[in-house]
Each structure stands twice: as structure tokens, then as C-alpha cells.
Amino acid sequence: RESDHRAWTPVTYTVTRQNATIQGLIQGKAYFFRIAAENIIGMGPFTETTKEILIREPITVPDRPEDLEVKAVTKNSVTLTWNPPKYNGGSDITMYVLESRLIGKDKFHRVTKEKLLDRKFTVEGLKEGDTYEYRVSACNIVGQGKPSFCTKPITCKDELAPPTLDLDFRDKLIVRVGEAFSLTGRYSGKPAPKVTWLKDDIVVKEDDRTKIKTTPTTLCLGILKSVREDTGKYCVTVENSTGSRKGFCQVNVVDRPSPPIGPVIFDEVFKDHMVVSWKPPLDDGGSEITNYIIEKKDTHKDMWMPVTSATVKTTCKIPKLLEGREYQVRIYAENLYGISDPLISDEMKAKDRFRVPDAPEQPIIKDVTKDSAVVVWNKPYDGGKPITNYIVEKKETMATRWVRVTKDPIFPGTKFKVPDLLEGCQYEFRVSAENEIGVGDPSPPSKPIFARDPIAKPSPPVNPEAVDKTKNSVDLTWQPPRHDGNGKIIGYLIEYQKVGDEDWKQANLTADSCPETKYKVTGLTEGLTYKFRVKAVNAAGESDPAHVPDPVEVKDRLEPPELILDANMAREQHVKAGDTLRLSAVIKGVPFPKVTWKKEDHEVSPKADIEVTGVGSKLEIRNTVHEDGGMYSLTVENPAGSKTVSVKVVVLDKPGPPRNLKISDVRSDSCYLTWMEPEDDGGSVITNYVVERKDVASAQWVAISSSSKKRSHMAKYLMEGTQYLFRVAAENQYGRGPYVETLKPIKAIDPLHPPGPPKNLHHVDVDKTEVSLVWNRPDRDGGAEITGYLVEYQEDGAEEWTKFQTVPMLDCVVTGL
């Protein structure tokens, strides 16, 4: 029975032997078997196999492995591969045994000690130049099978094979923008070649879109989502030590074109049609433009109307327009791969554009003589209709009316020789163009020209010479040239050359910077010797040079200083306060002297403005005050000497305050004032003094004298007992100076004197310790009421008097004696 069935199936024949062959079993299935003995009495019990039996071929050792091949040989290793045996003997291969035999030896030696299941093995550690042959056997659980057929004898040496390259792509590849493309192929070579990808001779690097994959036998460059910039010549190089191979592919990534380049130019505009032009797209998408699609639109409508879709020119006529309407034009470029975005024009009104010609540009005047000149101009825009005539006009520069130079037509030439000019007159010219519409505007007037024969270069200047010099400059003079070449002398060019040098240097860059017949050459180096020359210049050019006869050594000419005093530097200078003081003098000397101003041997006031020029010096003080007076000195000095002049400056001003105001002889109705003259009389004689008084209780000063020339005054008519202040000021012809005032008030009272001595002093009583005294009033009270009497006593023989008491009456009792 089958192992997975319960039912027993009888074998179809009966056997009398102790063995039997069972037919009709299915390979790969498992079976149980049972057997029973039978005699004539009957069948005995069955005996059953203890375990299932799997039906399969009988197990033997494997067949020999097949296709043993040498894959690689180096100087010290051999790599072999093989295929399994056709029959594994009924059991799985457990390992392979690889053996080698050195040529010349009899025995094979096993190469692998470990269990080898791979069908590839590299034998290493071999000796260069040795020759081996190899065989391989397969093993299963039964044992080792027959060995494979031996390889050919293999000598250990490096194998060299030049690279091979088998590409899957052609010379050209066209790809749409956005699509991916790949370049693939196979290669071989020994040793293993290096693979390099280039695009337009630049190494390709991997990024988000660019992928490079290389295996030992295949190569691949892939680009995702291609863009126009991926267009180029791609090159793959396979290279090893024996040589290299290259493969090329021109990849063209194509797309629809970019829009045509604007602006749209309206070459011609008429009332019923226009002619427009444009420029081709910057990028044709990698495929040539097959045509342009042109559409028009009336700006009052929203619909675009086709004009043409079958033109490859970049110009087009737009027909069937309505006069006065404004139109826009849009243009698409098309190639095999699509249509570009549009280029849209500005708005343009359909109307005839014919008009009179534009004004020509300013004409140029050539070949001037004393009675003729040639006028040359450029052709202007013709206004849409061909130019049929040019009109040339002239006028004298100072006149206002233009006159045609000829009534004959001037065409097609753009120059005309104008005859009949007056010699010496200055003329301007202008040109107008004419077409069938009419005469256009005239050109701007030409530059004015004088009608006279051409001028020649002048002759050289006459008699140049050096007339002065300093340590860094030389002054030159000369006479004008004898012949001016019929042209006005514009000026002169001065050149100098250091003795020993070859090059001449220009002292002035342009002739008009030196119109006179003299020039100061500056910037020279002290102690060096220079040559000089002068050229005259007119409109025709420069004359030949005229040379200064002798070289000039640059150094200061020494002349002692000289002072020429102006009127304001007289011995004494008077200036009114508040006015401006001016002192000045003309200064000479070579080199120009150093100028120093001083006042009383000190620096002058900072408020003084001092100016020094090349010919003199000036000192100026504005708003003078009295203190600006004094002795001023001007010193000029150079290496040849020095000179000094002085001037006394008096600043006339009001006087200062009087000094030492004193009051004496005060009475009840008068007092006496004395003072001294001011320290500063203001530069003018004191003419008088002004004396004023003031009651301390009053705010008003009262003049009591204003014309006195004396330095004292009796103040009268005072009120007895009143307190007074006094002040005095001096006056000169420039005004009244400040007042000097008494420090404290005085009281108008008569002066007080001590009273006279008491009269008739005598005692009227005496005790042992006291004395009673009486006396009479003195003859005079000193101008004031007597307030008391002072009583003193003296011990006989002593020197000092002892005060006892002051008593109001005419008697006193002295006690304590």
C-alpha cells in the first residue's frame, strides 16, 4: 500500500521463492509491503515492513563533473570553473575535490583541504613559469566519483588581453525633453579595464539625474528627465595596460523651440496691410524651425485670426486690415517637436505712413577756398517715398535769411560744391530732402566757416630768450612769427629738455593755454641745466621750433629785498576806533622775500588779516579798538638781505575814566571835588570834564558841570543833611569816556570841631576820699551841642591821668580817692 493510503493492494502474481520483484511502482512515492505464507490448508498471518520505502533509482557515486574551464591565469594563480555531473548517483553532491599535477610528475595532488561546494576556485601561491594540469571530482554520500577530463597544461603567467567594446547604441540618439535615456554595452580585457564616460570632452559626474553603473563585463550611463543641456557628444573609454577602445554617441535632446525674439518690428504700415519682421528663437529646440505661425488681432476684439502657418522667413505681410484700427500680431515658432510660446507685438494703427523725408544730419564742410566750399551730408529716412531732390541753402553767420545755392536739382549725390562765396565772410549751410509728398525739415546748420584759401603752418617764433629764473622756474619771451600762414596764431607750445636727455617735454599741453609771447616754465629741478624751444600754432598745425640760444641753469637770482611803502605806511597812522586799519607795501626781491609783521616786537593780534602776494603784502584789522594802536613793523628777508619799516598806529577813541576822584571841604551846602586825568586820553586831547551828582534817594543823575577843563570843581547848592553821590567823565573830540563814581555817599553838613576847654574849674568841698568840683561852659562848642564833660584825676607825681566819669552837668563829685 502507499504510505498515505489505508488500503492494501495485492501484487498480481504468486511466488514460490523467497523473493519477488514488484512492478508498476511510482518513482518518488513511499510504500509499505507485507507478505504471508500459504499452504493447502490456508494463508498464514502477514509480516509487514517496519518502515516505508521510498521508490527511487539505486545510489551510486556521481558521474564526472563537466566543462572544467580555466577562467583566469596570473603569474601566481589560476581560476577554474566547472559544471555539476549529469547524474549525481542518486544522492546530493556533498563536495568537490580539485586536484593538480605539475607537468613532469606522475601523481595528482589535492588542491583544496577544506570542503569545496562552489563550482569556482582560484588556486593561489603558484610559482611563475610552472605548468600544471587540473581535474575535479564530485562526492556524494556513497563516495568520490570519477574525475573530470584534465585541463590543458596551464603555465602561470599574467594573461593580457586588449580591451573589447560591444555597444548597444548607435552613433546618434534623439531624445525628447523630459524622457530618460541610457547608453549601455559590454566590454572585456585583461587586466580588467577602467571605464570612463565623457560628454563634450568633460568627465561625466553622477548627480540626481545622472547615474553610472559599471560591472566587470557591462557598462551603463543613464540620464533621468533629460533637459536640452544634456545634448552633446558622449564618449565611453575602456582602457587597460594593453590599450583602449572608445565608443561615441551624439545625443540630441529635442524640444519645441523657444519663442521668436522681439520686438516685432513694423517695417511698413499702410491703411490696409502691414509688413512685420522678427528674429529667430534663441533656441530652436535641437531641430530646425519648420515654419512660423503668424496671427493678428484687432485690439477691440478678443479673437486672434490666422494670417499664415507656412512660412520659414522672419518677415510677413499682414493683409486685410481696416484703416484706423489698432492691431497686434503674435508669432509662434514650430519644429518637429512642437510649437513655441508666442511673441506678441505692441499695438499698431493701420494707416498710411508716407510723409516728407526726415531732416538730414548736420552737414560737413570740406575743401574751403576764398569763393567756394563743398557741402557733404548723409541720406535721411525718405518718409516712405523715394527722395527726388536735395535743397542746399547758405547764409552769412550774422544774417537771418537762408538763400538757396542753386535752382537746379541736386540728386542722387549727397555732396555739392557751393560757388560764389565772398572772401573773408563767414557762412553756415543746411540741407533739406524732397520726395513726392513735399520738402522735409532742414538739417541743423553746419559749423561756421570763413571763405578763404587754406592756411599753411606758421613760421617759427622769433628771438626766444630766457629773461628770468628761480630755483624751479624759468621765464621765457619771444616775438611772433614773421609769417602766420594765412591763419590766426592760436597760441604757442613751449617745450624743455634736460641737458643730456633726448626727449623734449611739453611745458603746456595746448597752444591756447599760452596766447601771449611769454610763458613761465615751472616744475623744474634746482641746479639742473635745461634747453628750451617754442612753436607757433595756427589752425593748420605747429611751426618748426625756435630754440633759446643757450641752456639755462635753474637757480634763484639773488636780489636784496626792497620795500616801496604805500601812503598808509607813513610814520604815524591815525585810525578812528571801529574803522578798518590797513597797512600795505610793495615788495621786491629775488627770490621773493619772507614777510613778517610784528607789533611792539610781538606777534600781531589774531584778528589781523595778513595777505602776502607775489608783489606785496597787506595787513588789515577791522573794527579797530584802542588796544590795536601801537608800533607795527614789516620785515622782508631773503638770502640777499633783509629790510624793516615801522609805523606808529594811533587808534583814536573816547578817553578812559578819570582817576583818583576825591571829595573834601564838605559843608552843609557845598563840597569840593578833585580828580586826575585818565591814563588813556584816546589819542586826542581832553577837551572838558562832565561832573554829575545824585541824591541817594533818587534814580536820576544831575549834571552840575559839563564844560570845565580843570580837574576840580566846587559843588554848590547842596541841601543840608542830604546824602549825595558824585561822578566824573572825560570828553575828547571822539566822545565821552566812562564815568568814575564816588565809592560812598557824603552828607551835606558843616564840619564838626572839638569844643573849647571848660572854664573856671574849682572845688567847692573836700573830704578825705572825695572832692566836689564845679566849672563853667567853654567859650566855643565846636559847631554842635555839648553832650557831656569828661572828668579825670591824677595823683600828684604820677604821669598818667585816670578817667573818672562823663557827666552832663557843670559839676561833679569825684569819689574813691
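Just so you know, glycine gets a Cβ as well, placed from its N, Cα and C.
Feature annotation from TrEMBL assigns domain 'Fibronectin type-III' to 1-58, 64-159, 259-353, 359-454, 460-557, 657-751, 757-817. The feature domain 'Ig-like' is assigned by TrEMBL to 163-252, 561-646.
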Please work out the helix, strand and coil residue numbers for the domain 'Fibronectin type-III' (64-159) from the DSSP assignment.
0 helix, 43 strand, 53 coil
With helix taken as DSSP H, G or I, strand as E or B and everything else coil, how many residues of the domain 'Fibronectin type-III' (259-353) land in each class?
0 helix, 50 strand, 45 coil
Pull the DSSP breakdown for the domain 'Ig-like' (163-252) and write it out as helix, strand, coil residue counts.
3 helix, 58 strand, 29 coil
Averaged pLDDT, computed only over the residues in the domain 'Fibronectin type-III' (1-58):
84
Secondary structure content, the domain 'Ig-like' (561-646) (per DSSP, counts of residues):
6 helix, 53 strand, 27 coil
